[in-house]
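Student: One structure coming up, written as structure tokens, with questions to follow.
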Amino acid sequence: MTKIMKHPIPIAIAEHALMNEQQYQQDYQLSLQDPDRFWGEKGKIVDWIKPYTKVKNTSFDPGHINIRWFEDGTLNLSANCLDRHLKERGEQTAIIWEGDDPTESKAITYRELHHDVCQFANVLKNMGIKKGDVVAIYMPMVPEAAVAMLACARIGAIHSVIFAGFSPDAVSGRIIDSNTKLVITADEGLRAGRTIPLKKNVDDALNNAAVVNVSNVIVFKRTGNIGHWQSGRDLWWHELVADASADCPVEEINAEDPLFILYTSGSTGKPKGVLHTTGGYLVYASLTFKYVFDYQPGEVYWCTADVGWVTGHSYLLYGPLSCGAITLMFEGVPNYPAVNRLSQIIDKHQVNILYTAPTAIRALMAEGDKAIEGTKRTSLRIMGSVGEPINPEAWEWYYQKIGNSKCPIVDTWWQTETGGFMITPLPGATELKAGSATLPFFGVQPALVDNLGEQLEGVCEGNLVITDSWPGQARSLFGDHDRFEQTYFSTFKGMYFSGDGARRDEDGYYWITGRVDDVLNISGHRLGTAEIESALVSHPKIAEAAVVGTPHNIKGQAIYAYVTLNHGEEPSPELYTEVRNWVRKEIGPIATPDILHWTDSLPKTRSGKIMRRILRKIASGDTNNLGDISTLADPGVVEKLLEEKQTMSIS
């Protein structure tokens, strides 16, 4: 591999940065050698009702996975994000909202947000929601989504935010698994000029007979297109808040009380409800936000992520708001109504820090200079990348074109399960390499291991594991601690396995190489191959399916599905469309297969295991070295698949 040159730290950044290289090295060493002392001090970044005396109580031992931080302390997340800022910055903007339509935008101050959250928290209480109840939030990117989340946290209810792109079946599955009591949605969402039928999707989801505990649906009026309305069950947001008091004292919450559940794709079957608790999560989200973005008071920060993903939780809302930041929430997409929309928003709101995904960057890069036409972007100071590894070409384009070659890029590696950044540059402390996530954050102990779990030293490539706990770590999977241990701690004993592969270079920098398990990364969104395969096989004409990811220059990975039809069924253009729409309905648009490869048989071992390694190589056209196929029950299948692929390419 060609050596990638380092980008030095710009002098303008170094002069005012919160952290330099020497300080980083010193603090990082302390965080490993004496985590109790380090986190005992850093835990004070948030306000505690009852201060903690215990800091770290964790175990990665087989059969005893236990993760507890600040466990005797109490606090309230909503108070940390709102109440504590009222005296100093009550009139400062908390959220800038930019609508899908460029003519729609508004600013909400900390005082106004506090008022709205208290009102809505009282609405929840009036509806019988209490501490420990689960509330599902299926909302578009409007400030009310943030209000709903903060209101849940204020009273100790657990929120389960469901991405607005998910289908009714995906919504009902999450409602059933989490035992949801109340659903909050909108009549419709708006995205790139199109409407998303959120309320209709909720209606369809609640028709599932296994949904038993949802007694009410609160509906925010976004477009005014009402559709079906179930009297008694469905209630308008604006009518409920009109009668609610704006006085709502915070609930005292233990550090280890649940804060939220967020469902993420598993490599085996149904999605996993990742459970985060309150204290450690908020400390970690706050500290990582402050140092990784080198946040300075009064700066405008824009994270383009949806609230339905963990990035929207940690780095659109909770991290920024707990630090008293100005956070921008965008309803639309970066290339609508014009391909320079992202750049226009940067100029319009004088954005100082931009945090977006490689998918968006690659889509804009494909437009060339049109993506920045008529804009200056001179307000930008720091930029970030999230969701998947960023290829060096896209990194350089982002750096030169969007950032005018002056803004450090923090390429952050982390996961839903980690709660916050794990491997990331710090703007004033880390020289950058295009495409590398660089070095671990405080308290994070990464290691690379071979397939037997032996740690590899120096320059190497292997499975990325974390050898000790950190405060933002997920505590469990909702209602299934055994699956939590099985998923993350059984592959390599005594270590958290990320499911990602990585390379370490001569400077100790980490380069994430992508998933090593059966999870796809589509436009920064994780989707389990098993989930897509289940959806395909539920189609009445399909006998078997195997899904793999193949490189895609915009989305990172495309979904390539090998499909075997039932006896007597024949492939056709109509069936091709029908099957793609079927998956779209079962899971959501994000999971729609890009390519269907009709085939009579799949490469299987004698024990019946599908050899995905071969399918991945065929899908991506990497067929020169298919490796050992002697273990296949019928090696002739491979030749047939290659011929089919050739025919598909020609057609």
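Glycine is treated like the rest: Cβ placed from N, Cα and C.
Annotated CoA binding site per Swiss-Prot: Arg191, Ala192, Gly193, Arg194, Thr311, Asn335, Ser523, Arg584, in sequence order. Look at Swiss-Prot and you will find Gly387, Glu388, Pro389, Asp411, Thr412, Trp413, Trp414, Gln415, Thr416, Asp500, Arg515, Arg526 tagged as ATP binding site, backed by sequence analysis. The Mg(2+) binding site annotation in Swiss-Prot covers Val537, His539, Ile542. If you look up Swiss-Prot, you'll see Lys609 marked as N6-acetyllysine.
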Student: What kind of secondary structure is Asn335 (CoA binding site) part of, going by DSSP in three states?
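Tutor: Once the DSSP labels are grouped into three classes, Asn335 (CoA binding site) ends up as coil.
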Student: Just to verify: the residue among Arg191, Arg194, His539, Arg584 with the fewest other Cβ atoms within 10 Å, which of the binding-site residues is it?
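Tutor: It is Arg194 that, of the binding-site residues Arg191, Arg194, His539, Arg584, has the fewest other Cβ atoms within 10 Å.
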Student: What does DSSP assign Arg191 (CoA binding site), in three states?
Tutor: strand
Student: Around the recorded Mg(2+) site, report the further residues of that chain (criterion: Cβ within 8 Å of the mean position of the Cβ atoms of Val537, His539, Ile542; site residues excluded), sequence-ordered.
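Tutor: Filtered neighbour residues, in order: Ala535, Leu536, Ser538, Pro540, Lys541, Ala543, Glu544, Ala545, Val563, Val579, Trp582.
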Student: According to DSSP, does Thr311 (CoA binding site) fall in a helix, a strand, or coil?
Tutor: helix
Student: Where does His539 (Mg(2+) binding site) sit in the DSSP three-state scheme?
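Tutor: Once the DSSP labels are grouped into three classes, His539 (Mg(2+) binding site) ends up as coil.
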Student: Please work out the number of neighbouring Cβ atoms within 10 Å of the Cβ of Pro389 (ATP binding site), leaving out its own Cβ.
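Tutor: Pro389 (ATP binding site) is surrounded by 22 other Cβ atoms within 10 Å.
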Student: Measure from the CA atom of His539 (Mg(2+) binding site) to the CA atom of Trp414 (ATP binding site) and give the result in Å, rounded to a whole number.
Tutor: 35
Student: Counting every protein chain present, what is the number of Cβ atoms, excluding its own, within 10 Å of the Cβ of Val537 (Mg(2+) binding site)?
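Tutor: Excluding its own Cβ, the number within 10 Å is 13.
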Student: Taking only the Cα atoms, work out how far Pro389 (ATP binding site) lies from Arg194 (CoA binding site), in Å, as a whole number.
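Tutor: About 30 Å separates the two Cα atoms.
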Student: Taking the residues Arg191, Ala192, Gly193, Arg194, Thr311, Asn335, Ser523, Arg584, which the record names as binding CoA, find the longest CA to CA distance and state it in Å to the nearest whole number.
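Tutor: Maximum Cα-Cα distance: 24 Å.
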Student: How many Å lie between the Cα of His539 (Mg(2+) binding site) and the Cα of Gly193 (CoA binding site)?
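Tutor: Spelling it out, the Cα of His539 (Mg(2+) binding site) and the Cα of Gly193 (CoA binding site) are 31 Å apart.
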Student: Counting every protein chain present, what is the number of Cβ atoms, excluding its own, within 10 Å of the Cβ of Trp414 (ATP binding site)?
Tutor: 24
Student: Can you tell me how many other Cβ atoms are located within 10 Å of the Cβ belonging to Thr412 (ATP binding site)?
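Tutor: Thr412 (ATP binding site) is surrounded by 24 other Cβ atoms within 10 Å.
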Student: Quick one: of Ala192, Ile542, which of the binding-site residues has the smallest count of other CB atoms within 10 A?
Tutor: Ala192
